[in-house]
Amino acid sequence: MSPAKDVKVYKKILEQNKDIQDLLDKIVFDAQHGQIWFDENRMLLMHTSILGFLRKDLYQMLGLERTKRFFIRCGYQAGMRDAEVTSKLRPNLNEAEAFMAGPQMHGIRGMVQVEVNELHLSHDLKQFYADFNWLNSFEAEVHLSEFGASDQPACWMLLGYACGYSSFVMGQTIIYQETHCVAQGDEHCRIIGKPLSEWENADELIRFMSPDAVSDEIIALQAELNQLKKNIYTEAESDYTMFNAVGESVAYRKVCDLLKKAAGSKVAVLLQGETGVGKEAFARGIHNGSQRQAQPFVAVNCACIPPDLIESELFGVEKGAFTGAVQSRMGKFERAHGGTIFLDEVVELSPRAQAALLRMLQEGEFERVGDSRTRQVDVRLVAATNEDLEQAVKDGKFRADLYYRLNIFPVIIPPLRERREDIPLLINHFLARFENMYNKTLKGLSDKAKNFMMKYDWPGNIRELENLLERATLLTDHQQEIKLDSLFPQHKDLEAVGETAQSLINVEDLFSENFSLDQLEQNIIRSAMDKSQQNVSEAARMLGISRATLDYRLKKITLG
């Protein structure tokens, strides 16, 4: 292939550990928490022999072709994920130099050393040609160890990685073929890569990138099994599906058990819990699980209605009752006749409205504002508050007799931080909704984003989770993964808050102990090095200084 005049040409041997510091800086060993990270993707450090055992077991179960396809597809996904990270690291380099992050990552991962014979690429002209030697291929070694000499190339995962990485970077399907392989007796492995359309056997090559029919069969069987489960699920299981909330945790099920018992009766229910825990969803569940489900469900947020209008909003008004009342109209209770009324933030009711509500609960009757005629309605009341009603009674803000009437069946909705097992379910639930709403298909959350969400305390509970996921869906491009920054732009500040609070030093105590500033600096540096497992780049990031500065100070400590 003769490159076009303006096609970038890159032809030099990749030197081990040269110009890869930007990639190494993305790797974090967090031994304290048992985690290794490459940017936002969680990694594993494992024995290559494990992959050998896996390859052998899959070969015995599925045969050669399906095992090969499995490893190629695994490698393809790994290459795609690395390309997502590395594509943003080198904006000031030319196309070929930036592309080399992929081969460099192959080496950093300990998979293979890449030697460049030839590389031509141009995004504008959609041209690509690559010729690489692979040295020290882990996959060739594994294959020889488990199967002996092969009659065909055996670096399947490495090949998939190259295809996935190059396809992502170039924005078109790039396919590699392994022309030489150590597993079949060659001196080294060698691959050739170019666009799918330039291969004569394109159909055969793309077949290995496509989902295996066995996975389709398994998915079909799983769908059939799920349908059977839906048809025969027990009455006990149905108790947890009657609510419009989402969850499977023990705390969630306890709430469902309580509300299931209340749903079949006429008793007033008081839902208590922090803001955003889903009180209205549970209130709708009570209504849907009762004999009133075919009748109206009316939700009212008492905090949103001015105090001088709350009584007329709830119980209606007669024409001429006050300035602006030009016609008679029903209140919320009349609209909910035969059904359920949900009063959120009930503590915000005015004293007159509280008195009218108490009468409504005790006698089932009320009067419209400006009317003397008594009316009767049949309504089930579900009230909710995020405040302590008992304390509101002590403070004189809420009537004691109304509190006792509402407190017959209190249910406390747990905050999200106490039902963390439900977070993955809620994430899937909201992502499915927002993907449909914004006509996008996303690849879910990055490992680091998932990890952070599971540890976050969620002061805004489910409502906060919902809002963050909607924002992240808008910010994330189609077919991309949601990154932590899209969910929590301030995530670094959030992580630092706890650490800073715990590590503040009492300056007066230091002065009283005649401390040495040099010694304090040395202790801090040593602590950072220990925490980073002696990774200088990571320690420098923790200290907020450059690697060069930390290198200089480490030398001072050593020489001192």
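Note: Cβ is positioned from N, Cα and C throughout, glycine not excepted.
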TODO: For the Zn(2+) site, Swiss-Prot lists Cys155, Glu178, Cys181; sort out which one of Cys189, Cys256 goes with them.
DONE: Cys189
Open item on the list: With Cβ-Cβ distance below 8 Å and at least 6 positions apart along the chain, what are the contacts of Leu343 (ATP binding site)? List them in sequence order.
Closed with: Val300, Cys302, Leu349, Leu357, Leu381, Val382, Ala383, Ala384
Task: Packing count at His337 (ATP binding site) (other Cβ atoms within 10 Å of its Cβ) - done: 16
Task: Using Cα positions only, nearest of the binding-site residues to Glu178 (Zn(2+) binding site) (Trp134, Gly273, Gly276, Lys279, His337) - done: Trp134
Task: Output field, Zn(2+) shell: CB within 8 Å of site CB centroid, site Cys155, Glu178, Cys181, Cys189 dropped - done: Trp134, Ser137, Glu139, Ala140, Pro153, Ala154, Leu158, Leu159, His180, Val182, Ala183, Asp186, Arg190, Ile191
- [ ] Can you check how the pLDDT averages out over the domain 'Sigma-54 factor interaction' (245-474)?
- [x] 90
Open item on the list: Just to confirm: which same-chain residues, 6+ apart in sequence, have a Cβ under 8 Å from the Cβ of Cys181 (Zn(2+) binding site)?
Closed with: Ser137, Ala140, Ser150, Gln152, Pro153, Ala154, Cys155, Cys189
